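As annotated by TrEMBL, active site, charge relay system applies to Ser233, Asp328, His362. Summarising the annotation, TrEMBL assigns domain 'BAAT/Acyl-CoA thioester hydrolase C-terminal' to 205-412.
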Amino acid sequence: MSSVVRLRLLPSAQCLYTQPVRVLVDGLRPSQVVTMKARATDDKGVPFHASAVYRADAGGAVDLGREPSLGGSYTGVEPMGLLWSLRADALHTKFRKSDSRQPHVVRFSVHDGEAGAGPLLAEATNERRLLADGVERQPIKEGNIRGVLFVPPGDGPFPAVLDLYTFGGGLSERRAALLANCGLMVLTLALYGHDDQPKKVTKLHLDYFEEAIQLLGKHPKAMDSGVGIISISKSGDLALSIATHLPNVKATAWINGCCSNVAIPLYYRGSQIHSALMYDSKHNTVTKSGALNIKHGLHDPLAPENEGSLIPIERATGHFLFVAAEDDLNWDSCLFADQMTERLRRQGKDNFEKVVYPGAGHYLEPPFGPYCPSSFHGVVGAPVAWGGEPKAHAKAEMHLWNKIQEFFRTHLFPEAGAAKARL
């Protein structure tokens, strides 16, 4: 009698989005070749899928943390490869997971043979939650502020962080919710295109972020040691401006941003404080997929004519974490990180650290989400390539997630309590 094939997810089929799972199959024939598949649907209903070919060991088992994939969406030993290699059928499609109330549901299956068309042998569902038990999700519509506040369980006080996942319109809750699971009180802000906000903007106002910081500071569970900021891409320069021009910003995580204010002029109290550094399409090239490579499209931020866009970060009193991906094709984030660290050094500053990830692309996000090679770019008005090699990018995201927590733990907790703090 043939044994029953089992597909198990350990330690549990339900977990948090950033937690790894061990994928095990047993009950196979010794050396049997099977295809492992994963499929999921994002918030917009777009299906994503991945597959990998494995050979069972002498005991008829496959352990994705031990056996190498022989082909499919990836090769080699990649315990979470079926998650980060998920792809949509359509080109230039980014995985959208913004609503923290809905888990990321991934359906795993095992099929006989390497073509993936063989009989279904076993299946299991992994429910990856964005919100840990007890984390409060509070929609914010107060004054001008539109967003969602996430508060960890307990009496606090908690370090307060602004999540600036703002450019592109709408509201993204994923990163903010996951950081709240780690013990931070996080407000993710919508800048435009959400609720009663305008669909497009031609000016940005620092006053909006000042109001958000004040709102966080008044919260009864907020720690009074200052606020942190986390940003990526265009919101990176917004984070720099906030840290430079506003008080009480103690820790700023800048991920693949620019050293100048980009694309849209920035105002404060009715006056323009930074002009916009613009793109020049003549430097764009086209990749094999049809997406644009715009890495060298930005004007030189250090050119005299662009002086008004350059952010004087040496005036900031808080600490910076500069994160740059070597294969960022949106722009040269490594160059911008180098320019900023050199600027700070010349001013005698040591309030920064820099992390560079070889082989990673532009969109460094919380780990175990689908890698995105290209998608539509709001400023360019066309699909662009984000860069990165999928394996290296996934590895960078895992490392960075811990690095971000360490950075905020170090600089947002009062010194006396830092040793006791646990994120």
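Each Cβ is built from the backbone N, Cα and C atoms, and glycine gets one as well.
Model, not experiment: these values are computed from the prediction.
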Query raised in the report: Rounded to the nearest angstrom, how far is the Cα of Ser233 (active site, charge relay system) from the Cα of His362 (active site, charge relay system)?
Result: 8
**Report entry** Distance [Cα-Cα, Å, rounded] between Asp328 (active site, charge relay system) and Ser233 (active site, charge relay system)
**Finding:** 10
Query raised in the report: What same-chain residues, at least 6 away in sequence, bring their CB to under 8 Å of the CB of Ser233 (active site, charge relay system)?
Result: Phe167, Ile255, Asn256, Gly257, Asn330, His362, Tyr363
Report summary line: Neighbouring CB atoms within 10 angstroms of the CB of His362 (active site, charge relay system), all protein chains considered, total 24
Report task. Note down the number of other Cβ atoms within 10 Å of the Cβ of Asp328 (active site, charge relay system), including every protein chain shown. Result -> 25
Query - Taken over the domain 'BAAT/Acyl-CoA thioester hydrolase C-terminal' (205-412), the model's mean pLDDT - result: 97
